[in-house]
Amino acid sequence: MAAARRLSLRHVGLTAENPSVGTLLVQGEGGDARIVGRGVTAITGRPHSERVALEDAGAAARGATAYVTLEPCAHHGRTGPCADALAAAGVARVVIGAADPDPRVDGRGIAILRKAGIVVRELFEAGGSGRPFEGFLSRLRRGRPHVTLKMAVSADGAVGRPGPERVGISGAVANRQVHLMRAGMDAIMVGVGTALADDPMLTCRLPGLEARSPIRIVVDPQLRLPLGSRLVRTAVDVPTLIATTRAADAAAVPYRRAGCGLVPLEGYDADDLRALLRFMPSVGVQSLMVEGGPALANAFLWAGLVDRIVLVRSAAVVGDLGIAAPEGVLAPRGFRLGRRERFGADVWTEWERDDACSPES
Ligand code: AOF
Ligand code: ZN
């Protein structure tokens, strides 16, 4: 199952409203076991991983054990249910890594398998299925994406300095980790202040992973993003959305012409952000990384809409003019430490919200 989960990671961030699932088909047991088929949910979400693995295995699927990271589906989409496909191929046993709460599945996949005489084992992880299903679960349970807030904070507690000049806070290794994290997200969001200060690209620029850049979203109530910014100029290549109160204005027309999508936004308070998040699944966004700046970070924290905080503490010193990091980031309350690692001079910590993905949160 661990190998199937690693396989599933390949398409995280690329399967739109579908979760990325991994399937391994195995013949034999113990030391004689060998993998006869591998599958991961295809880019765009179809075909499902079971079909890919069955195709890969061909006749060798007969009598095999399938390790599937999510309950095989029971509904008719572009193809019939995966549970039926596994049964038709003569698979003998199915080990399942997580229940599928999709109302069209929700135990029906397991029922189909059992009815077909297949031995089913539920290997559900305690405490939910975590990554890579958190975005999918968040959409189903709360109708909004899973939200990761990422902040780099200097030794003297600053996230940047006012003015046009960009200050480097985190080091090269941590920055590459951020790019790797972007590759696994459906969307990445910044406030217009950050877009004005940094003129960022917000893409994944790791060699070989450039095509995995997520959708970019700029929260820009007054439509201040320059038409000459790199975000607008590259909107034709990397999908870019601007969330603004002026989506219906004439001022929005040139942005549309440049290839940007405009999303109506009422304002910056909790209900407005909540409405914006609820819109996101409709454009295939189940996981979102908020990359700053401090105003947007504060608004998300204040609204209680952050599920994970990624905090990069660096040794850099910004000095007197530094913009202070939001209090809720430096001492996250209601979050527990999930990961701590050192990257060069930087300390990378990840904080998981205690009740992330519960229907109320
Ligand atoms: C599987 N195997 O690899 C995946 C599954 O829109 P559809 O018809 O593709 O169905 C989407 C649902 O299928 C999704 O909500 C989830 O329940 C399931 N995803 N199921 O058997 C897979 N990715
Ligand atoms: Zn399926």
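Cβ atoms are placed via backbone N, Cα and C, with glycine included.
All annotation found in TrEMBL is predicted automatically rather than curated by experts.
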Listed in TrEMBL for the substrate site shared with Leu202, Arg205, Glu291, one of Arg182, Arg224, Arg233, Arg313: Arg182
Restricting the binding-site residues His48, Cys73, Asp198 to those with Cβ under 6 angstroms from ligand 2 leaves His48, Cys73
Considering Cα atoms only, can you say which of Glu50, Cys73, Cys82, Asn298 is the nearest neighbour of Arg182 (substrate binding site) among these recorded positions? Asn298
Between the C-alpha atoms of Leu296 (NADP(+) binding site) and His48 (Zn(2+) binding site), the distance in angstrom, to the nearest integer, is 36
With respect to ligand 1, which members of the binding-site residues His48, Cys73, Cys82, Asp198, Leu202, Leu296 satisfy a Cβ distance under 6 angstroms to one of its atoms? His48, Cys73, Cys82
